[in-house]
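The block underneath contains the structure these notes are about, expressed in structure tokens.
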Amino acid sequence: MLKVISSLLVYMTASVMAVASPLAHSGEPSGEYPTVNEIPVGEVRLYQIADGVWSHIATQSFDGAVYPSNGLIVRDGDELLLIDTAWGAKNTAALLAEIEKQIGLPVTRAVSTHFHDDRVGGVDVLRAAGVATYASPSTRRLAEAEGNEIPTHSLEGLSSSGDAVRFGPVELFYPGAAHSTDNLVVYVPSANVLYGGCAVHELSSTSAGNVADADLAEWPTSVERIQKHYPEAEVVIPGHGLPGGLDLLQHTANVVKAHKNRSVAE
């Protein structure tokens, strides 16, 4: 796993225009992490983090700019668990095709970590492909209120800050309100990989991002819960941008606090 971190750190100091390497299947990190400049909207890249653990990376246009978005794929025996859609129907269809091409195992279950379109957009594509889709009751309720796609099944036991439940090869953790009131994080104990979703920002971020549904007061406290619950995490994957280590958590808290302070000053 130290090799994974080394590979990621080397990449973070390299040019973001570098071309990503093909996916490796040996369990080793698969070269440089794909960036927004390398992925046309409608295409998806896979990046192997560890044996049986991949991130999926897509891009989407929003307000005249193009943004990257991460998700997770975890092997569960002869099946795959998908964490988050690829931000839209076209991207999610491309994701399933890429998984079939590069991994060759069926996606049987999918979890959406909060109600925004970058996490649930494409749920209908998954459902049509026979994938059982899951989210917390809060996420399902908020998605319906927003007019977004709604995962079919409810994940129970994640209603209070600090709640954690095992779901196949991963642990789902509700740290409390942050980027949204319903955001979950996902931990892969076999690989010490923490997927922070949109509750966690990449190291290069200087903005709190989309805070329309955020709880700026609680976000740093929720990040602290993640830090305390997963001190052994070696790789941390944000919802958007480059993975890194546990320092992404403190960086996120600092960015959110700075945003809140600026808002108060204004």
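For all residues, glycine too, the Cβ spot is worked out from N, Cα and C.
The record from Swiss-Prot ties HIS114, HIS116, ASP118 to Zn(2+) 1, and of the options HIS56, HIS153, HIS179 it ties HIS179 to that site too. The Zn(2+) 2 site recorded in Swiss-Prot includes ASP118, CYS198, and the single candidate from HIS229, HIS240 that the record places there is HIS240. Here the Cα atom of HIS179 (Zn(2+) 1 binding site) is found 6 Å from that of CYS198 (Zn(2+) 2 binding site). Other residues of the chain with a Cβ within 8 Å of the Cβ centroid of HIS114, HIS116, ASP118, HIS179, the Zn(2+) 1 site, are THR113, PHE115, ASP117, ARG119, SER180, ASN183, GLY197, CYS198, ASN210, ASP213, GLY239.
Looking only at the binding-site residues HIS114, HIS116, HIS179, HIS240, the densest Cβ neighbourhood within 10 Å occurs at HIS179.
A Cβ within 8 Å of the Cβ centre of ASP118, CYS198, HIS240, the residues given for Zn(2+) 2, is found for these other residues of the same chain: TYR67, SER69, ASN70, TRP87, HIS116, ARG119, HIS179, GLY197, GLY209, ASN210, PRO238, GLY239.
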